[in-house]
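> Encoded as structure tokens, here's the structure I'll be asking about.
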Amino acid sequence: MTGPYRTLLALPGAAAFVTAGLAARLAHLTTVLGIVFLVSALSGSYGLGGLVSGAYALAYSLVAPLLGRLADRHRQGPVLVATAVATTVTRTGFLVAAGAGAPAWVLVILAATSGASMPAIGPFVRARWAHLLTGSPRLHAATSFESVVDELLLVIGPVLVSTSVAYLHPAAALILAVPLAAGGSIALALQHRTEPPGAPADRPAPGTALRTPGLPLLLLTFALISTVLIGLDVAVIAYTERQGTQALGGWILATIAAGSALSGLWYGARDWSHPPHRRLTVVLPMLTVGTVPFVVAPTTGWLFPAAFTLGLTLAPAFIDGFSIAGRAVAAHHRTEGLTWLTTAAGIGISAGSATAGVLVDTWGTTAAFALATGCAATAALTGRAASRRLTAPW
């Protein structure tokens, strides 16, 4: 099952850019969840923690397409180096302000500037795969591999955040994210061998990836799936804390990601007879059903099997979504199109983080779990509509 992935990593330069990208992506993931932990610990409000975390995620999502387009035109290296410097400064400023007891509006602004200074590393790495494997059938395996990497990060990230917060300090995860973000970005920038070439500034690619038929609906679907994930993250954290089992929160979230990673390895290694746009219409309803056990969970222990079962549906959904976009979007807009998917996911994280935090504070964790179910059901509908409208050379 892992044979196709070992072959990919044996390609010259592949293991190096995957490792560098993994470090920078882990920094982003730990930041989103780490802000919730730190701000809620300092203020006693999950609503404020979700709001500040949402400001980071929203700014990250809105600026990411611009940074991706700059990388398309001027190469990835200069963009990665500049943002590595900027994100170090802004992240340090946020930590200092939070520790000094700065008011909420200051934390929101500093979190937003931190998010705006962090490029979406996933599309940068996927663009390198596309450049390295242009015209090769192994590109499908590379797309699947990147989805599995995302899931592995979701295993590592929550455990890293929850354990560092529980045993070290509420700011520990955010402190660790500073060198991870800067070091991973610079390490990726230094790898010129696999870097896609930049386009001449006087000949920019015409149009935009957003004009691809059906892509906006696919973006909405990604946003809704991400709302499901972050809503569950916030609700699980709050649930375990109120049950007196806070240290288990990260492990429950890691169980979701573990199930997703296992299913992703299997799903990506298979040769499917049906195209991804058809498979997506089956996977998303399964995702919806998988959220229901969280709503009725009577104890913390109940959440572990529910988390693993839900995770089995996640990687297939993302693999199919990225495959659809990779085929449907024109080659000269590929990085932009993939970045828009990341942006949509970030918007979903922003909205879901803030909304779930308010629901937890106002009506309890059951309401936040119900939010995840409602968003998953809506994603099933928008995903089906997107699959009907997207045009691609299947």
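Cβ from N, Cα, C; glycine included.
Sharing the record's features from TrEMBL:
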- 47-67: transmembrane segment (TRANSMEM)
- 167-190: transmembrane segment (TRANSMEM)
- 217-239: transmembrane segment (TRANSMEM)
- 251-268: transmembrane segment (TRANSMEM)
- 280-296: transmembrane segment (TRANSMEM)
- 302-325: transmembrane segment (TRANSMEM)
- 337-360: transmembrane segment (TRANSMEM)
- 366-386: transmembrane segment (TRANSMEM)
> Between the transmembrane segment (167-190) and the transmembrane segment (280-296), do 3 or more CB pairs sit under 8 angstroms, pairs being 6 or more residues apart?
no
> Select the range from 251-268, 302-325, 366-386 that forms the most Cβ-Cβ pairs under 8 Å with the transmembrane segment (217-239).
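By the under-8 Å Cβ criterion, the transmembrane segment (217-239) pairs most with 366-386.
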> Which stretch, 47-67, 251-268, 302-325, 366-386, tops the Cβ pairs under 8 Å count with the transmembrane segment (337-360)?
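It is 47-67, which has the most Cβ pairs under 8 Å.
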> Same chain only, please: residues at least 6 beyond the ends of the transmembrane segment (302-325) with a C-beta under 8 Å from a C-beta of the stretch. Say none if there are none.
126, 140, 143-144, 146-148, 150-151, 215, 218, 221-222, 225, 229, 232, 236, 239, 251-253, 255-264, 267-268, 276-277, 279-280, 283-284, 286-287, 290-291, 293-294, 337-338, 341, 383, 386-387, 390, 392
> I need to check the long-range neighbours of the transmembrane segment (366-386): which residues 6 or more away from its ends have a CB within less than 8 Å of a CB in the stretch?
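Beyond its ends, the transmembrane segment (366-386) has Cβ neighbours at 214-215, 217-218, 220-221, 224-225, 227-228, 231-232, 234-235, 238, 277, 280-281, 284-285, 287-288, 290-292, 294-295, 297, 317, 324, 348, 352, 355-356, 359-360.
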